[in-house]
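I have placed the structure first, in the form of structure tokens, so that the comments after it can refer back to it.
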């Protein structure tokens, strides 16, 4: 019986795998195989599958059959390359890299130049003395990576050693060190390795290879990879694959180079070849940002020189583009770019190396991009006939849409303030914040509610959590394809990279002669690469143009309605401008806190008699009517769901002594009376106390006034020629009889108001489903309700049994233990709270098949929850105004994914016939 295949070969004319095998070979391995199959020059190698990662995580070792398959595939690479692994005279060297099914740039570990040892280095130099510098450069890099990744002793001491060497030689760049310098440095590294690890550096290449493979599998669980998967909602993967590939060298001479490119701009989506390269370098140099790279195309090179004040003579001498310096390789790279884009039908991120004038491709994948670029690329590719509108919509990540709402610097503020520095426009948008210099400080300051900008010499994967906490990132080193730039774009964070004039010392930096310390404010313009001192005024983004086109395409395919939670006319107008199809939740209590309105509600609370309460509450009638008028007018006939008073009365009274004394004076009553009333309103658990419909039952005059205000406003707008259908919503109903009582009161008041006006306006009365009992008895409640709206905030609190205000103390720990994969207040707990929603939908529709249902909790803007809402058959979701575009894209995704699933299902059925 043939043993299971754990290792897949790529190289020569045909690969064992292809691009459809990402789950097994990881994205990198599948795409390397695909490039081989397309006839693109790829150094040969092999991929160890993600299944082996699962075995490794369970056993902390490799099965013998995997070891044997690896050795067999090493022999295949030797045959293709004409070199031998471990041979001193004709050595084959490998790179060992990770590659999961989902792209995780820079998050896991890579080892280059594997197979080098003293004997190999000495023999190589004997054969080719002119390559001495290259040999020791490669050897010292390998020792550093092996120490850091395989032995886990870190690379800081090695970096410090090369820093000392450069200081001693009076030079700034690694490339300025001589062969003699690098030989001395390599010897120092070998001594340092033994001191740090307690073992001599391994000389046997096969030992090196299996140690590196184990290390890459181990890196699946490293902290930065775990954080990245959490931040990007990457779940359900077996693990990473490992790609072992023959080394090609970009640091062999000045006819060699390494680079990273995107087939279109990852920042703007413009259709031009966008990339950077370094002559006489290895791949890590480009993404690490240690040297500022050169541009691939002449057009970008000229633009870069202009923005950095570099003369044309100096640019051509010191920073020529690849198009100028290596025209043949540039032409071939452009052909490969076109071939890959047409084949994958998406923007590609590619890595390449030129070894002694020969171009090799090391990677291709769908490129990370900003939301601005995603929109532009999607629309352009539809126009180019590469993809359909539906595919374009599915290319837009709903979570990324949130990044479009990021502000920009007000033109007036930018005009009146001079920038203090300029770098590369690495990730668009603007950010104002206080300076911090490390990831831990960024997290700590952000947790205290402060907006921070993280300033670093260059970022590394260890900075990921800090980058997530910061609102902007500024680096002194690095290009447009550096770690900082790529990760910031993926996160939607404003980033300015490669500000060469930035001098960082400890917890301060100097720029344009000014010193900035930790805690000082700066402003970044990531769209132009500018840095300003102090806090500049920002403005909201404009969502017109290409993004409006995407939203139109989304509206064509989505089934779920998208409404907004809006409590004021301004909120309603803003929601409408973002494309809201109505108001799904208007919280009337928020109106009570404005200006002197609070006095009237307090007067009502303090009244001793029914008449006193009615007199006080009537003072609120005109102001509530005015608010509803504004909202109805802003929504221009779209549905508006108004929730009657929900919070307990104690929220409206003062609890501090001074405030109570002031209120007593204003109300002309004794302080004692105020204190006694406040005391009587105190509840041990107000969330489950005298609130919602319970207030409407014990103080019906409050709800009656609100219904009268709603109907009077609706009548006024109706008479202006605009159709209005108010949706009056009773909160916190747990029993049918509660809704029966409050609905009767509401209908009575509404009908009296309409009769007095001699005019008719349609209205409906429904309820929030936010008490678990209401969900379980939804069939009974549906007999009275005209609609359901799921209040998932309270439904989560009562369903899970923990308070939203207190759950933060343990939910993060729960997340790390996998008890809850996501915070149930951010994304609905589908198995528990979601099941209550599902039960309520089924029971409610059994009584009234056309019963309108929506969701109005914070979950209404979460893409995962929106997918769930689509699946269970809700009519709409409601979210904050700024999340309306997010919800619109997510609703379209839900509809298109369902359509695809149905198509696959019917195809499967047809295939069986």
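Keep in mind that glycine also has a Cβ here, set from the backbone N, Cα and C atoms.
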Record-annotated substrate site (TrEMBL): member among 514, 517, 643 besides 587, 770, 791, 792, 793, 794: 643
Those binding-site residues listed as 792, 793, and which of them has the most Cβ atoms within 10 Å of its own Cβ: 792
Fewest other Cβ within 10 angstroms of its own Cβ, chosen from the recorded positions 483, 587, 643: 587
The one of 770, 794 whose CB sees the fewest other CB atoms within 10 Å, among these binding-site residues: 794
Cα-Cα distance linking residue 856 (active site, proton donor) and residue 587 (substrate binding site), given in Å to the nearest integer: 11
Span of 587, 643, 770, 791, 792, 793, 794 around substrate - largest C-alpha separation, Å: 15
Beyond the site residues 587, 643, 770, 791, 792, 793, 794: chain residues whose C-beta lies within 8 Å of the centroid, for substrate: 585, 646, 731, 768, 789, 790, 795, 856, 857
Pairwise Cα distance for residue 794 (substrate binding site)/residue 856 (active site, proton donor) [Å, integer]: 11
Rounded inter-Cα distance in Å - residue 793 (substrate binding site), residue 856 (active site, proton donor): 9
List of residues, in chain order, with Cβ under 8 A from that of residue 791 (substrate binding site) and at least 6 apart: 731, 768, 769, 770, 856, 857
